[in-house]
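Undergrad: These came from TrEMBL, pasted as-is:
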TRANSMEM  21-42  transmembrane segment
TRANSMEM  62-81  transmembrane segment
TRANSMEM  135-155  transmembrane segment
TRANSMEM  167-188  transmembrane segment
TRANSMEM  228-245  transmembrane segment
Amino acid sequence: MANKVVHLPVLDFGATLRKDNWWIGPAITFVILMGFICYATFRAFENDYYRVGPYLSPFYSPLIPTAGWGIPFLSPAMLILPGPAGFRLTCYYYRKAYYRAFAMDPPACAVGEGGRHDNYNGETKLLIFQNLHRFALYVALGFLVILWHDVYKALWFRDPYGTEASFGVGVGTLVLALNTALLTGYTFSCHSLRHLIGGSVDSYSTAPFGQLRHALWRGVSRLNQNHMFFAWTSLFAVALADLYVRMVSLRVIQDVRIL
Ligand code: FES
């Protein structure tokens with residue numbers, strides 16, 4: 001007997017039988033992401049207060065000097081921000097979040113999206129660039145190496161004459177380290193990384209380096225369960241790390257040496 005195709009009724013936009021406040025999640029997502037986009041854009045154009053003592057803002061790392069290029073408004077941040085921004089934009093978790101919060105397509109589970117579903121093309125047409133996430137991951141892994149190097153440099157404080165550096169730990173060191181640790185958690189919990197490590201293996205027991213890959217895959221899988229947590233905490237942390245460097249650089253606050 002042929003399978004019967006069941007067409008679900010198209011709900012009006014926003015129509016639902018849900019009794020909970022389903023719109024709160026997308027609304028908070030919208031506010032946070034818009035706030036972050038506005039702040040990052042402001043900082044990219046500000047082109048100042050990104051370096052103080054041994055600290056370098058993650059928005060400006062790696063620091064590529066653009067002063068002599070003769071291009072108005074071009075800042076070092078504008079050259080590097082497309083890397084991490086592309087990684088977040090194509091992230092599987094963020095797609096769900098911003099499809100709901102910005103496009104409301106759909107607004108939430110079991111909430112009507114109106115007739116727009118008739119034109120649904122998935123991620124095959126306008127959104128085909130989402131398939132580049134794996135390549136954005138390679139870029140993000142490179143940024144992690146640079147950011148950990150920045151944390152290392154944040155452990156070396158120069159004397160007032162700038163001639164000798166001595167080991168130390170300041171609040172800024174901890175802020176940069178926390179940011180990089182959370183970004184590492186975000187990157188290493190990525191769905192694409194999980195697939196890269198173990199997704200193409202039929203049998204770990206017979207695959208080259210099978211045992212090692214299985215152990216790595218289990219580790220990434222464990223992190224992957226908390227991908228949403230890392231997505232949000234690393235977003236806050238990177239903005240906080242930049243804000244901290246900016247505030248210390250402006251002398252609004254003073255960095256405190258712990259060691
Ligand atoms: Fe979110 Fe890869 S799926 S960073």
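The backbone N, Cα and C atoms fix where each Cβ goes, glycine too.
Please treat TrEMBL annotations as automatic predictions, because they have not gone through curation.
Since we're looking at a predicted model, the values are computed, not measured.
How buried are the listed features, and what sits near them?
TA: Listed by sequence, the residues of this chain that lie at least six past the ends of the transmembrane segment (21-42) yet keep a Cβ under 8 A from its Cβ atoms are 59, 81, 85, 97-98, 100-102, 104, 107-109, 111, 232, 235, 239.
Long-range contacts of the transmembrane segment (62-81) within the same chain, counting only residues at least 6 positions beyond its ends with a Cβ under 8 Å from a Cβ of the stretch, are 40, 43-47, 50-51, 56, 143, 146.
Counting same-chain residues at least six beyond the ends of the transmembrane segment (135-155), those with a Cβ under 8 angstroms from any Cβ of the stretch are 54-56, 58, 61-62, 80, 83-84, 86-87, 89-90, 167-170, 172-173, 176-177, 179-180, 183-184, 187, 190, 192-193, 196.
Outside the transmembrane segment (228-245) by six or more residues, the chain places 32, 36, 39-40, 43, 49-52, 55-59, 84, 88, 91, 93-94, 97, 171-172, 175-176, 178-179, 182-183, 185-186, 189, 253 with a CB less than 8 A from a CB of the stretch.
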Undergrad: Please report, as numbers and ranges, the same-chain residues at least 6 past the borders of the transmembrane segment (167-188) whose CB is under 8 Å from any CB of it.
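TA: Distal contacts: 52-55, 58, 87, 137, 140-141, 143-144, 147-148, 150-151, 154-157, 220, 223, 226-227, 230-231, 233-234, 237-238, 240-241, 244-245, 248, 255-259.
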